[in-house]
Amino acid sequence: MASSSSRNGGTRGGSMRPISGANSSNLRSSSFKSRIPSSAPAPRRSSSGGDNGVPGRVRVAVRLRPRNADECVADADFADCVELQPELKRLKLRKNNWDTETYEFDEVLTESASQKRVYQVVAKPVVESVLEGYNGTVMAYGQTGTGKTFTLGRLGDEDTAARGIMVRSMEDIISGTSLDTDSISVSYLQLYMETIQDLLDPSNDNIAIVEDPKTGDVSLPGATHVEIRNQQNFLDLLHLGETHRVAANTKLNTESSRSHAILMVHVKRSVVEHEDSVSNETDNSSHFVRPSKPLVRRSKLVLVDLAGSERVHKSGSEGHMLEEAKSINLSLSALGKCINAIAENSPHVPLRDSKLTRLLRDSFGGTARTSLIVTIGPSPRHRGETTSTILFGQRAMKVENMLKIKEEFDYKSLSKKLEVQLDKVIAENERQLKAFDDDVERINQQAQNRISEVEKNFAEALEKEKLKCQMEYMESVKKLEEKLISNQRENGKRNGEVNGVVTASELAKLKESLEEEIKLRKAAEEEVNKLKSQSTLKTRSGEGEDAGISRLQKLLEDEALQKKKLEEEVTILRSQLVQLTFEADQMRRCLDRGAPGNSYSDTDSLPSRHSQARESVNGQKAPFATLCEQVGLQKILQLLESDDANIRIHAVKVVANLAAEAEANQEKIVEAGGLASLLMLLRSYEDETVRRVAAGAIANLAMNEVSQQLIVDQGGISLLSLTAADAEDPQTLRMVAGAIANLCGNDKLQARLWSDGGIKALLGMVRCGHPDVLAQVARGIANFAKCESRATTQGVKSGRSLLIEDGALPWIVQHANDEAAPIRRHIELALCHLAQHEVNAKEMISGGALWELVRISKECSREDIRSLAHRTLSSSPVFRSEIRRLGIHF
């Protein structure tokens, strides 16, 4: 991890070098806290709404941990890898026995530095700024086992001198505030495996981060906020939080923190501006005191105890601890990248790569006063980790924040002061009124009586109005209840007819109908057998009875036709029974979850939820597989050509569900001619439900290579293209786009796809604008570009890309940095494949794709795509020439 931190934090021009004597004075400071000049007034919010900020660089201190028992034994014959010069605020890092590097920090703390001194030089200036109304951050960074938690979170129960920064900060905050006018609240969290958990409420284990779209401020509304009244209350909360924090025993630390601990202290203070006195025009000796402006300053102190960076081969992490170490190292790497980008004034800061960087966005490059303490160990065995930690602190010293006070008018306090002043004026008037005679007293008494009468009348009128409102409210509630009951009955009836939500009685009726049909079928079969036997007897009796035989044959034909009709009806009733049983079970599950849900007959979500259809119910086979065994696939496919529209739609739904259940069903459907029937439905019918479900079934079949060839040979691409041009429903377009995207992944179908208009159909569907449709379009383009790149590499294809021929490049560039991750990932991959061939380079440069490729090589969240982009740009002479001409660094 140490090496990765150094790599992620390095400058673009090369690795960071130690400071020299010529510029060392630029990093030194006479005081760890950059104070606001006393002559300048405190910043105030201007009338136009802007804020006047005060610049403040991130202050960094380094603290050396003394050798532990293991290091005293293992490194007894070796000198420490660092040498401290606290009086010069310098640190020398020994690279070997004869070469050293010198670094300067704002403060250098030796292994003998007390906890009190560490607090005074690192955190106390930040705490004072928080009491003045600024946001503040104190963060500890370093290798695991170097004393971060000791420095920041030590409670000092046994030895008060060992108290850490958290405890001492709260002592100063409590002593600097008033319990009558000010308030203090605390939230204690941990970032564990990229999940924000509440240490004060373990059940709250997935807190969301909310960002203000106007100001960009980050908040955690789901976190527990506890108001602090005294120091003991705060210590009890820290004890509670420490018991819930995740820790483990590693080779480097017996109690290694496996999460980042974040303590947020919210301070609300009431302040008053200076009062102005105005002379009275009539009497120069008297003055009228203008009410002062009461203000409320809201500030926040964030104390961050980062989990230690570690190398797996040194810490011995394995299993779940290895996953924890990966998560810790990734978040620390993301933090290093952000600090490096801010220090170099990069146009883009990757704050969204980790939740840690999102939480600390105000601490680095924001409006908070930030102090960082980096902890290191003396052992030469960990020289690499120590070097990485020192370079992290050096980069952080380059970050410049713009400090701002967040204050607002305290209208409640102003109202109270105005009330007090009004009471004084009234009292003065009352003292003057006492000088009046009895007539004035009589008038006052009459006024009081009048007021009492008005209050009494008002109280009576108010009571009447209250009773009237209560009666109206009860009537309204009663009407609403009646309307609700009526709506529930209507919805129950409608859901039973439309969505297939059936009751037990309806299922019983269907079963009875099915049994009656089965009995009729058996009776018909017995009658047919009886007629056959009679016919045989009559045939033996002589050939003179030809007329009777003809009648018997006609009866046999009629019975056979009736038997066929009965078989169709039985097949339909069985499928309906299975469908309704499954839908009833689905609705029962939704009702058990307490949320109204659509029945399984909702064909809009069939293909997207095909995994649900694959699940067995109560350990039995999937309902549609059972239906297929009972009725027969061939009979179900025959119903696709039925003249009855309802039967045809129902059969399409059953085939679509069968295609979604398993790959074996897909092969059976293709072998039985189901693919041709589905294509016929796309060609012949304009019903939106039929086309949507048929397209979804074709998309499932298109995942099989044999089925893909059959779809193309039977004109499926042209049919899908026509459907894409005619349809407006986003779900239908998503099904069609998914089918074409699956076909785009077949190397053998590239030319046929292009010539039949498949690519143009994909690009035409972007008119919908629905994210799901755009994701399928992007997937198809990525598949096509990948196959095309492979064919060009193998020498099968030459010339520029067919995607560029069809005008896909502008849309690809436009959506290369789309907010939706599925769209962005596919488009980034498509750009990388298109750029692998020189014949496409010039058009990609003129179309703006070069800038997106450079961005992908730097910022893509996927390592494989980022490496592919970087390798493509490096290997192309055309791209390299253009990059040099534009002066781009990548």
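Each residue's number is its place along the chain shown, starting with 1.
In case you wondered, yes, glycine gets a Cβ from its N, Cα and C as well.
Within its own chain, Gly147 (ATP binding site) has Arg63, Arg65, Thr375 as residues 6 or more apart in sequence whose C-beta sits under 8 angstroms from its own. For Gly142, Gln143, Thr144, Gly145, Thr146, Gly147, Lys148, Thr149, the entry in TrEMBL reads ATP binding site.
Among the features that TrEMBL reports, coiled coil is placed at 426-464 (among others).
Per TrEMBL, the feature coiled coil maps to 507-583 (among others).
If you look up TrEMBL, you'll see 1-48 marked as compositional bias 'Low complexity'.
The feature compositional bias 'Polar residues' is assigned by TrEMBL to 598-616.
The feature domain 'Kinesin motor' is assigned by TrEMBL to 57-399. Taken as a whole, the domain 'Kinesin motor' (57-399) shows an average pLDDT of 86 in this prediction.
The feature region 'Disordered' is assigned by TrEMBL to 1-57 (among others).
Annotated region 'Disordered' per TrEMBL: 593-616 (among others), in sequence order.
Sequence annotations record features per position, and here TrEMBL assigns repeat 'ARM' to 631-674 (among others).
Taken from TrEMBL, the feature repeat 'ARM' applies to 673-716 (among others).
Taking H, G and I as helix, E and B as strand and the rest as coil, DSSP gives the repeat 'ARM' (631-674) the counts 37 helix, 0 strand, 7 coil. Other Cβ atoms within 10 Å of the Cβ of Gly142 (ATP binding site), summed over all protein chains shown, number 27. Taking a C-beta cut-off of under 8 Å and a sequence gap of six or more, Thr146 (ATP binding site) has these contacts in its own chain: Arg65, Gly308, Thr375, Ile376, Gly377, Thr389.
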